[in-house]
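Database features (TrEMBL):
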DOMAIN    B:42-242  domain 'ABC transmembrane type-1'
TRANSMEM  B:47-68  transmembrane segment
TRANSMEM  B:80-103  transmembrane segment
TRANSMEM  B:123-145  transmembrane segment
TRANSMEM  B:182-204  transmembrane segment
TRANSMEM  B:216-243  transmembrane segment
TRANSMEM  B:271-298  transmembrane segment
TRANSMEM  B:310-335  transmembrane segment
DOMAIN    B:314-520  domain 'ABC transmembrane type-1'
TRANSMEM  B:356-375  transmembrane segment
TRANSMEM  B:395-419  transmembrane segment
TRANSMEM  B:502-522  transmembrane segment
């Protein structure tokens, strides 16, 4: 239970920069998540924190103590950082109880047993103490791995793609369960995943990573509604970019109408006025920003549709030929090629300057 | 890395030594060899390789196909029972066959006296050697081909049938070509054993390189001639090694879909009967009859031969096999660990080289390691005389050193295989998990690696132990005085034609040999679960 701070950490392997200038703070007891496509450096970041990879610049602090700096690192076995591996890495020759008790050393037998019982109770495996890992299902193995990592009360828990070996349904249920367990143990935890649903349902803080850098470190809500750049906008959630023109600092015009709100377009220091005014931008439209309305005079052609059960996700072709997405209740079943009425319902305007 | 290189160097020593023997030619012996011995040796060897190659391929592939892909009564039992001939060293099958089928043997006597039938083909012939070797070595092909058919045969066959081929066409045009790398790897192993075999050839009096090396060593007392013969044999072996290694790289398991279990071909009653008859005959001839005969002979001589001398042979066998197996396991473990610490292409090649000794015939290793150790010994004696007034003629030569080194080189692969694959099953994440939980290097070894490797270490030790017990030429040629083993006893009794008296030590070797087969089948059954 401690705060984790990464201060401009960089790491490269064979001349290739894996992570660059990684900076974020995970408060004590919070659950953080590094989200990104494969190869973005998130697993390497985790291995730097756990003490298996050296860093070339910056500093990693756990609970105020420096654990890694260039040329020096505290040995992994002395960090008190627990880790849940993607393949769980359970010890196949030990029972569930002995796996969980593996890291509990130099304490009395009673205390040890009590802690094992407590954790198995917590993860709901009290009935499986004497079984071996291969006798358990994937979800159960995952929970043993978590209990094993939590047992020595580490200062920090790291989880590498913890649900990637499980099927989709189990994934969702288990991620809520894991969040519950972590919160009850009041552990600081950092999770690595490429699945945004997992990140959103688990984490208090999410860092979107791309090409070794953190693009945005924020709450899930802000990541979705106020993405800091095009990569985040594209990677998190669905949506489409349509061209627009800035009218003033609180209005932007797109082909479907004028949007009101704060226009967070950064401008150059010089010639600021000109830049903001008449500046061409791309405006992000989420599927829930466009509402289907039969009475609307604004029409768009249905180009494609995906049935989602409760709703349809329509891909619409706007009059100019640009594309946008719209989420529509599923009793509005329109054929491909049909023109339907739409209207805008945009809360947060997200716009990026055209490049 | 240094350690791995040292082990690899040990393998190269015999090669270098035997080839460098051409530096000091004993002219009359060499010309005698070239003129009289060589043509016959090469001819005999080629015939043997051809015949045994054909024999083990036909027996191994057909039996593998039957037990893996067809359904007939007794299939499950035959599945493992057909491996049993592995427990019989070829030299045991050989002397039992001669004892039974010789002119004075029971079969011919019975036919002659009872029916007046004579003129059965002579068993002590080229055909006889090939037959015996094929029966003893077909399991190498059978085991590996059965694996290939079981994992991909059914799919291959169904694909072929969906494209309009009959089952027979499917077998010859799809399933068989697909399994070719496996069959080739098994075949090459069988041929290496054929080239390495000494005991059978000695019993049949069939001159090949191994027996020639032995004769050069004991009758001509010419180390150089023995080494020169050994170097030619190495050339033969290397061809087999190249083929084997190439086939191995082509082996790719693709276990798509269900296993063959539910999709075996149901044979018609007539065909099923034929299959049963065929598999039953092979098993009977290759295992049941020889073992029964061994037991009968043993019963006859037990009262006389089961004495203190016999127990001394048995004790020597167990002791040598035990020490040898421990050495093999220790070196294999270190070699496998070296690979884990420093993975890479260089290490992979070093490991491959270090475990190549299985291909070298024992007779070659005996010569190739005796020469350098003897040289070292002479140097030590000279030095000892000069500095300490040492009086004596041998220091290292009289010890077990040469023999144990030769065992190590020859059987390192047997131990390395299971240990290395066991170590590969311990993923890096397991190591890191233990470290995250506060365990240091010593704790990692004691609490995680050794417990997880226990089964692999045991398997490796068992295989090495039994192989050393069966081993004949190394033991025969390099044992110090007084170190006679069961295998040596078999050799001595058979070279005097006393088949009955060879049966008792042979039976002990066979019983020991059954253990690894049980292990093998047990492990296979578990992996199919």
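Cβ from N, Cα, C; glycine included.
As the structure is a computational prediction, the values presented were derived from the model and not from experiment.
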(request) Verify whether three or more Cβ pairs under 8 angstroms connect the transmembrane segment (B:123-145) with the transmembrane segment (B:47-68), leaving out any pair fewer than 6 apart in sequence. (result) yes
(message) Which sequence-distant residues neighbour the transmembrane segment (B:216-243)? Criterion: at least 6 residues beyond either end, Cβ under 8 Å.
(response) 14-15, 17-19, 21-22, 24-26, 29-30, 33, 38, 41, 45, 49, 184, 188, 191-192, 195-196, 209-210, 356, 359-361, 363-364, 366-368, 370-371, 477
(message) Three or more CB pairs closer than 8 Å, sequence separation of 6 or more: does that hold for the transmembrane segment (B:182-204) against the transmembrane segment (B:356-375)?
(response) yes
(request) Rank B:123-145, B:271-298, B:310-335, B:356-375, B:395-419 by Cβ pairs under 8 Å to the transmembrane segment (B:502-522) and hand me the top one. (result) B:271-298
(message) Cβ under 8 Å, sequence separation of at least 6 from the ends of the transmembrane segment (B:395-419): give me the contacting residues as numbers and ranges.
(response) 7, 10-11, 14, 320, 323-325, 327-329, 331-333, 335-336, 351, 354-358, 360, 362, 365-366, 369-370, 373-374, 376-377, 380-381, 384, 453, 456-457, 459-461, 463-464, 467-468, 471, 474-475, 478-481, 483
(message) Give the nonlocal contacts of the transmembrane segment (B:356-375) in its own chain as ranges (CB under 8 Å, at least six residues past its ends).
(response) 11, 13-15, 17-18, 21, 192, 195-198, 209-210, 213-214, 217, 223, 226-227, 230, 233-234, 237-238, 240-241, 244, 396-397, 401-402, 405-406, 408-414, 471-474, 477-478
